[in-house]
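The structure under discussion appears below in the form of structure tokens.
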């Protein structure tokens, strides 16, 4: 132990009073010592365990005790000082935990070891960054940085003393599974822990160039107390990541580390196909076989990534699309890091439509052998853990779940607002506390409780304050310590370095654990986490959840030795056997408390022998939850820890340096969200899964709707700023904040004048409507309301500027008429855009307010910026937009038509116009302000008022301004320009040429024929189309065309596993056509219900999904069937009927869980859902969950919707004058229906061993026996997914054959056909699954390949082997 202590003592400390030329001492002391005066520094070793903050504290202690050490230096014997061994002074008797450290004050005693240039005393370093790199080490290299080709290697050169040895292992017994010990202390001594701390400290100084130097209170160029809490968190995580990199670099060079970041993955046990190569990239694969679609996808992806191309992949659901994309992308990421010049990592951003689909992608990642540094982004309503903002479910106490029944859209908006208020107040409190002389605030130990953290009953939300308003210390102190000033304790905890260490240890893969010899499986996390993991970690950072232990082959022990202090008390880990499963996994440490074992709560109440036996009998993996904290008494895994931290901001911090980021794709497609989340897309790979929704999402994000009352709120906001205008002759510089503050009224006035034109026009439109002037007036609308019982939110269009379908005879026309009508020209647009940019940036810098008024002001500012920028974009690209004005009832139609009142129950309340300036008790009359600006005063002689309509009145009708983007290419352009590659993947993208043209992926000259196939070879990428307008022309031409976009086939044997039918007649022989004209026919719904009941009764097993064109149609069917025998037939056939709700996410999840639970209990159920609804996308109904899918009708969008009709006209105009490869309006309209059908169809066949029937219930799906293409596919089936076009059979009324693939015998023969199919399909599918299982086990046992069998040369990017050559694809 004395030698070990001496080893710990040999560490030099950096003193702040060192000479300026050599401000740092060496990181270690040489073996043989060096002449000089010894310094003796006392310190407390255990105090360093909490966080890296102790390192800085240690340095301060050195300086603080410098005077005390002078006496010791003077009394030191000279011979002793020059001897080869350093002396360790005994610790003070009053503290056994104190050590005396001896070090040398020689400038550079380490000349025989590698060290940084600025620390060198023998070879002085000239601070010339152009000639020498300051981070280069002196010993290995003396070459200028500009000429050095190996800097990335030698910049981490090792300076560990040559005589250092690894820690000796004293444990000889590795055979015991569990060590039963109730009272003996841990075999791991405090010295071992102290050594780890000293190693970390030594490593920090060994790699000083990785870490910020200077004052510990500085973060970059800012003082720590001036940084936001999230900036402190990001800084702490970066420090820990750099330390981890430094440790790994040392281990790798010394031969003790493993080759991490292997191209084929991190967990060999999950890599079941070790010879999967594509163009030099070795892809780790979690399955014994590679299906043809997956191999095709890998080829397309690797080629696209290498060549910086965008790629389109259409592959049916169940073909392993997610696994192929993840494995290929992650393998190429590591290949690129090994071969690129700078060793940089290309970030991968994997996007899907919804949070639930994103969660499924994380589960797919866990099945692969890859464990990259990842992050998952989600909304506040998914990640918030504040008890007041998102209460946990009181119905199921103790399950840690949250009450989603309150998560309506309105509550979500309130949650976001309340969160921002609390975050602002918390930031303000922290800044105040740092500046206050009456408080001591430490970022590493922030308060765990403070007044205002929780809301008490009956307490109302009080206004917060400006977080920067700390001038009045007494008033601020009162407000900040007031319980009515709401704060968030979980956000406050994010500054703690202790928390950052736990985050880094849990969410970031450790290079020591993730290596080629890791033992693991699909439950091995190693940093992989989903939203639920984030939420659980936020609640209890001290609990390590889901630690999965996998044993080596033939190993009987997991390597855990347990102890139990008392009878049936909490069990603790006594020790971890070296080289065991627990030791290699690396998470569990001695003295950790066991909380759960294989989902069994064992935190007290169990005897040690019982748990020991359970662990011995456990199969791989053994999954544990362990607690590591100050106190393990009364552990409650569902209760909040005192240091509970906000998962929402944790996820955003983790995404900064993540290699793989999961998120919903509106986070990427919406530029406003992308900017707010601070997501960098430059040179990244973006995967857009479920990409059939991308077009609609982009068009929606580029559009906007603004009510007149909302625009008047903007008007009032600008008027208040413009009223501050004063004459000035100073020169204006918008880059200077003080200048912008002075000129803000001038800028606001110019935007206000622009906005006045729109307000006046909208007010005139409303007056004309109310006076029955124009094409539609209040009388006609009232009559329509009474006749059709319209909903309160129905809008009646009164003005339209947009495409007409034929243009003006020479070019397309869009919304340019709107601007000419208001006399707005390009000069005004450019001027307003520039002013709006300056004004918005200025106002964004003043977002300190956290009260509700400030939040409302911020929302108004955001909406104003969105309105102005959308109008500017519409002016620049007018042919790609339409602008219309519509009238709707203010609140409810009863009030609007004069039959209701302001306070009618169960009705939407009307909104009043804003009141500006506000009235007072002494002067309640509405007042207006005369504009004194010269531009208004001179032209009108002082009579112009900008807030004339801000009068506080409550109008009966409201006018809306609708700006609609008609092409997704406008917002897709920046993504195509800045990203390295974009992957568009889905099961329903056809026709692909039309998709590529809509998104502007195709080179300009590419065109298509009537069937949507390419009719010309694609020319070179550098050719431009002069006809393409605006910025779109600069982004085309990067689509990968060799190989051409992929349309993959299915992996199932369609003849044996799929029965696809089209039925065009009712059982009584009448035509079955679910069109709008037939909805009102007598008996239509009854006959449809009878047909669906007969079909469901003929499906012998499993669940059945029935999809309808719309919620209106679905509700009508349900109401009709419940009043007839149809509903009883449905219930008798499958036991229960679940109807998809059209409202909140919580109700959707409840319906989904009800359906799944019924299937699990009874094996059968019926789900009535809607095309394009949540049930039709992203929900996996595999095996018995969906043995049948019935599609009723064709789900065409409403032709009465202006957005739909304008899009049809737009496509016709563009096809005529601009882009020949676009579908016509009618073809695009039809495509929308078939894409929705393809998504619903994909719910059925989910994997290679699945089977089921798909029934298309409409005569428009039936083969007429006449129209066929060259492949023999009838016209009715040409728009179906490629993989099933040839498999659809048409049910005939009798035994007469008409088409090429008919099912004869009519409805009478249907039940026999179903029974015959399901009997054979079940046998065939069972054989497929059995073969897969056998192949899996065989491959798993035979997977004993040597990782050194093939070597990868990172310089030339090739593989070499003495035994085999590289397989090629």
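Note that Cβ sites are derived from N, Cα and C of the backbone, with glycine treated the same way.
Curation plays no part in TrEMBL annotations; they are all automatic predictions.
The region 'Disordered' annotation in TrEMBL falls on one of the ranges 321-354, 355-388, 389-422, namely 389-422. Given the ranges 158-192, 193-227, the record in TrEMBL names 158-192 as region 'Disordered'. Range 902-927 is the one annotated as region 'Disordered', of 902-927, 928-953, 954-979, 1058-1083 (source: TrEMBL).
Mean pLDDT across the domain 'PDZ' (546-630) comes to 87 in this model.
Helix, strand and coil residue tallies for the domain 'PDZ' (546-630), in that order: 15 helix, 26 strand, 44 coil [DSSP].
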